[in-house]
Structures are given as C-alpha cells and as structure tokens.
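Feature annotations, reproduced from TrEMBL:
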{"type": "BINDING", "residues": "13-18, ASP38, ARG43, 93-97, 134-135, GLU169, 280-283, ARG350", "note": "NAD(+) binding site"}
{"type": "BINDING", "residues": "165-169, 224-228, ARG264, 271-277, 342-343, ARG446", "note": "substrate binding site"}
{"type": "ACT_SITE", "residues": "CYS280", "note": "active site, nucleophile"}
{"type": "DOMAIN", "residues": "336-451", "note": "domain 'UDP-glucose/GDP-mannose dehydrogenase C-terminal'"}
Amino acid sequence: MAPVQVKKICCIGAGYVGGPTCAVIALKCPQIEVTIVDLNQARIDAWNDKDFNLPIYEPGLEDVVRAARGRNLFFSTEVDKAIQDADLIFVSVNTPTKKGGVGAGFAADLNYIELATRQIAKVSNSSKIVVEKSTVPCRTAESMRTILEANSKPGCRFDILSNPEFLAEGTAIDDLFAPDRVLIGSLQTQEGKDACESLRSVYANWVPTERILTVGLWSSELSKLAANAMLAQRISSINALSAICEATGANIDEVAHAVGYDSRMGNKFLKASVGFGGSCFQKDILNLVYLSETLHLPEVAAYWKQVVTMNEHQKRRFSKRVVDTLFNTITGKRIAVLGFAFKADTGDTRESAAITLIRDFVAERAIVNVYDPKVVEEQIWLDLEESIPQPLAATKKQVVIHKSALEACKNAEAVIIATEWKEFLQIDWTEVYKHMNKPAFVFDGRLIVDVPKLTEIGFKVTSIGRGDKA
Ligand SMILES: NC(=O)c1ccc[n+]([C@@H]2O[C@H](COP(=O)([O-])OP(=O)(O)OC[C@H]3O[C@@H](n4cnc5c(N)ncnc54)[C@H](O)[C@@H]3O)[C@@H](O)[C@H]2O)c1
Ligand SMILES: O=c1ccn([C@@H]2O[C@H](COP(=O)(O)OP(=O)(O)O[C@H]3O[C@H](CO)[C@@H](O)[C@H](O)[C@H]3O)[C@@H](O)[C@H]2O)c(=O)[nH]1
C-alpha cells in the first residue's frame, strides 16, 4: 500500500482548535476539500454567518475564513456525510477534566473522543486515516484503534495518527501559518508510516519539511502533555519567585530578564502574572498527574501537581494582597476588574484568573465592576454563575458589567488589571484618577502599567513581584 493522496478532509469539532486549524489547511491547500462538522448547531451557524460574526475571536481568523469558505472550506452539522466523504478525519473534540467517577478532577474525560470514534466506525464505508488532534492521555490511540477495528465494515481499514496542536489562543493564525513544529505520531509499521506520509504531505503545502517531525504514536501523545506541563512550569516558577521578590525588594521583571538572558533558558514564558489560565495548562497537567499516578509514580505525580498548586496559590495571594492593602476590608467597596479573558486577544474565558479574583472579591462582599473588550456579557454571567456559590441573582447585585475601562473605574477604590489587553496601555490614568475614591489603588496583575507615572498622578500602585521595599 502507498500513501493516500488526501483529497477530502473532515474535522470533527468546530471549536478553538478544529475551526482555525482546518480553516488554515483549507486556505493553504486549495486542492483539498475541508468540511468542519459539529453537533452544536449554533456554533456551525456562527461559522457560516454571512457577516462573519464567527464563534471565536482570533486575530486574522476572519480573513482566512473569508478567503476559503464556500471555495473548499465548509461548516456543517451533517457529521455522518462528512465522515463518509473524507479520506482523512481530524478528531478535534473537547477533552475536559473529568468531573465525576474514577479520576475525577484529574483524568481527561474521553467520552467525546469515544463517541466520535464510534461514529466514524459506524458510518464509514471506506478506509480512513483518523487523526487525533485533541489533547489526550498517552495510549488513547490504542483505544481508538480497538473501537474502530471492532466496529468496522468489511473492506474498511483505519490508520490512526497522533497530531497534537500547539497553537496558542490570541496568536492561533500566526502559529498555524508558521508553526515551530508540526508533530505527527504513527505506528512504526509500513501502514502507519504511509498514513504519516499522507498527513505530512498536507502540511508540506506550507510548512518547511524540517519543521514536520515524525515520531512514534505514544511519544507524540506524551509530547503534547509534556510541552504544556513544561511551559506552565516556567510560569509557576517565575510566579513562585515573584512572591520572594515581594518580600525582599527584588523586582521580578529584572530577575526574569537576567535569568532569561541565559541562552540555555530563553526569555519567553517568564512573565510573572496573576496566574495562568486557559483551557489547556491546568487540564493537561492534571492529566499528566493522573497518568503518573496510574503508572505508580507518586513522586512524579507530586512534582507536576505542584505546578498547579503554585498557580492556585498565586491567584489567592493576589486577592489577599488586595484585601490587605485596602485596610483589611473590601466590604461594600467598589473594585474595578479590567479584563476577563484568560489572556489578551481572545474572547475565551476558560480558567481565567479574573474569575477566581471576582469570586474572592464577591466573597468579601465587595461591589465588582467588570470590563473586557471582547468577552460577551452572557459569558461573564455564565462563568460567575458556575464559580460563585450563590444564586446568580445575588451575584448580579454585587457585579456590574461595563462598556469601557473608564466607566468601570468610576467611583472605585481600586483598579485590578487582570488581562494584558493592549487598550489598557492607553488608559488615561489622570482621567481615571479624577473619578476614583481616594486613596486610589491600582493592582497590576500583568506588569503593564508605568509605576512611576501612576505614582506621580497620585495612585498607590501594587505590582506582582515588586514589594513595598522596592
Ligand atoms: N483551545 C486551544 O487553544 C487548544 C490548543 C491545542 C489543543 N487543544 C485541545 O484540542 C481539543 C479541542 O479543544 P477546543 O478548545 O477546540 O474545544 P472546544 O470545546 O472549543 O471545541 C470542541 C467542539 O467539539 C464538538 N464536539 C464534541 N463531540 C462531538 C461529536 N461527537 N461530533 C461533533 N462535534 C463534537 C463540541 O460541540 C465543540 O464545539 C482539546 O482536546 C484541547 O485540549 C486546545
Ligand atoms: O509568560 C507568561 C506566558 C503566559 N502566561 C499566561 O499563561 C496562560 C496561557 O497562555 P498561552 O500559553 O499563551 O495560551 P494558551 O492558548 O493557553 O496556549 C497554551 O495551551 C495550548 C493548548 O494546549 C497549547 O497549544 C499552546 O502551545 C500553549 O501555549 C495565560 O493565562 C497567559 O496569560 C503567563 O502568565 N506568563
């Protein structure tokens, strides 16, 4: 058997990964027809929106969809048809942390992967290359293969590949256009290598050959968890050091700069913050912790768990510092939280540190003014309903969503910068100061404000990783 030349691709899951990834494949490979399917009708309708109000905010995404949609890129809820037509299928469904049962709170919930796999087996009338795009525990491909082989029709063969995605939200399109690497894992059999070559030739339309890495299936699956764990570990390391800075008068930006100058270390992912968020880091580390435990490696599990523990500590430390600084009480005080997304340039709020901060402020009976340039109001209420242990109606008496940073800061005692949106660099702090109660406090959870300038205006500024002794 020779490698199949891919003509039709189906992507199951039109989310943050499936949507942008396969839209870029369609753009870069006009000879391939790409259909992205989802069970969620509203999501597919938004992808097909005539005014391009897409379900995801991602810089550059609209241009990609405008160029390819209707040409060789299609969004549909007809899952079975897209599976039947395709010769290569990406499985890009969600793999959240399990909420109940064995491994609750740690293991990945593989129910969506299993349902999608069973659907592929059930409806396929011809052979397919099935590609794990979702982030999954090591050896998930084996379970997929068992399910596919046990349910396949005569004459249908399934080759499974692992092709984890490394894009970061907010820079997804740039990351997809020029990835550091594309990783493809396959069985080291002739069939496995042929399937790998088929997928490699899709990416080779725009990714330089030396950046397409081909490895064994299990290495590929584990590499994804490893990459996220090690990236998050850097943030927890710098955040742990930020606590020492606050107590000693050292400055975390200076420490990060000095450390990152070492070419063995590099200067990326060393920005101290109020804590990492996003749908991946915590979930994937907990997944690695669970994997280590099931492999009877408790020391390894404890090592990785500490990265998440440190992150929780950072968030809690930050909200405590706010309360301590505001004379040990924020009851009835107005606190402006600028930013609700987990990072700039995305509307995604999953595991955002802002949610934890607002939860803590609400528990202290503060009034919280929220502003984010991209997160829709409905999403903020959904997140707060889920995270604050009181009825939403009660939360709505304490939290107000605003349409601008200036409006959110009016009559506040303190401003919290929770997301590093570029527009927060342009805030007219003199104007903000005029409308705040005095003393006026700013707590910079992202290290973006000009501390001397704000201090000169009259603000009392507290930054992560900078102590009062600075
Ligand atoms: N978000 C990221 O930046 C990112 C980056 C790299 C990897 N990942 C991984 O990629 C996977 C997907 O993440 P996401 O953020 O895109 O999730 P998401 O929740 O945004 O999207 C998943 C989509 O799959 C759909 N779906 C689930 N089961 C289905 C089925 N049987 N048939 C059709 N559609 C189905 C859901 O309706 C949903 O729209 C996860 O494993 C995640 O860990 C995410
Ligand atoms: O120096 C830094 C860098 C990031 N962050 C925070 O870390 C979180 C995650 O940021 P980032 O990694 O940029 O975004 P994600 O979209 O979560 O991307 C991560 O998770 C994806 C999903 O698995 C992977 O594909 C990416 O490679 C990996 O970077 C955010 O809250 C950031 O604010 C910091 O606090 N300091």
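These residue numbers are counts, starting from 1, taken along the chain as shown.
Cβ from N, Cα, C; glycine included.
Bear in mind that the values here come from a model prediction, so they are computed numbers and not experimental data.
Sequence features annotated in TrEMBL and their locations in the structure.
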{"residue": "GLY13", "record": "NAD(+) binding site", "contacts (Cβ under 8 Å, 6+ apart)": "ILE36, VAL37, ASP38, PHE90, VAL91, SER92, VAL93, ASN94, TYR112, ALA116, LYS133, SER134"}
{"residue": "TYR16", "record": "NAD(+) binding site", "contacts (Cβ under 8 Å, 6+ apart)": "ILE56, GLU58, GLU169, ALA172, SER279, ASP348"}
{"residue": "THR97", "record": "NAD(+) binding site", "contacts (Cβ under 8 Å, 6+ apart)": "GLY105, PHE106, ALA107, ALA108, ASP109, GLN282, LYS283, LEU286, ASN287"}
{"residue": "LEU225", "record": "substrate binding site", "contacts (Cβ under 8 Å, 6+ apart)": "THR135, PRO137, CYS138, ASP284, ILE285, ASN287, LEU288, LEU291"}
{"residue": "ALA272", "record": "substrate binding site", "contacts (Cβ under 8 Å, 6+ apart)": "ILE238, ASN239, LEU241, SER242, ILE252, ASP253, ALA256, LEU447, ILE464, GLY465"}
{"residue": "GLY275", "record": "substrate binding site", "contacts (Cβ under 8 Å, 6+ apart)": "ASN239, ASN311, GLU312, GLN314, LYS315, PHE318, ALA353, THR356"}
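When the binding-site residues THR97, LEU225, ASN228, ALA272, GLN282, PHE342 are checked against ligand 1, none has a Cβ within less than 6 Å of one of its atoms. In terms of C-alpha distance, the listed binding-site residues GLU165, ALA168, ASN228, PHE342 place ASN228 closest to CYS280 (active site, nucleophile). Taking a Cβ cut-off of under 6 Å from any atom of ligand 2, the recorded positions GLY13, ALA168, GLU169, CYS280, PHE342 reduce to ALA168, GLU169, CYS280, PHE342. According to DSSP, the domain 'UDP-glucose/GDP-mannose dehydrogenase C-terminal' (336-451) comprises 46 helix, 19 strand, 51 coil.
Its Cβ taken as reference, the residue listed as 'active site, nucleophile' is surrounded by 26 other Cβ atoms within 10 Å in the chains shown.
Mapped onto three states, the DSSP output places THR97 (NAD(+) binding site) in strand. Using a 10 Å Cβ-Cβ cutoff, PHE342 (substrate binding site) registers 26 neighbours. Least crowded of the binding-site residues (ASN94, ASN228, GLN282), judged by neighbouring Cβ atoms within 10 Å of its own Cβ: ASN94. On the 0 to 100 pLDDT scale, the model's mean across the domain 'UDP-glucose/GDP-mannose dehydrogenase C-terminal' (336-451) is 98. Shown in sequence order, VAL17, THR21, SER92, LYS133, THR135, LYS224 are the residues of the chain, 6+ apart in sequence, with a C-beta less than 8 angstroms from the C-beta of GLU165 (substrate binding site).
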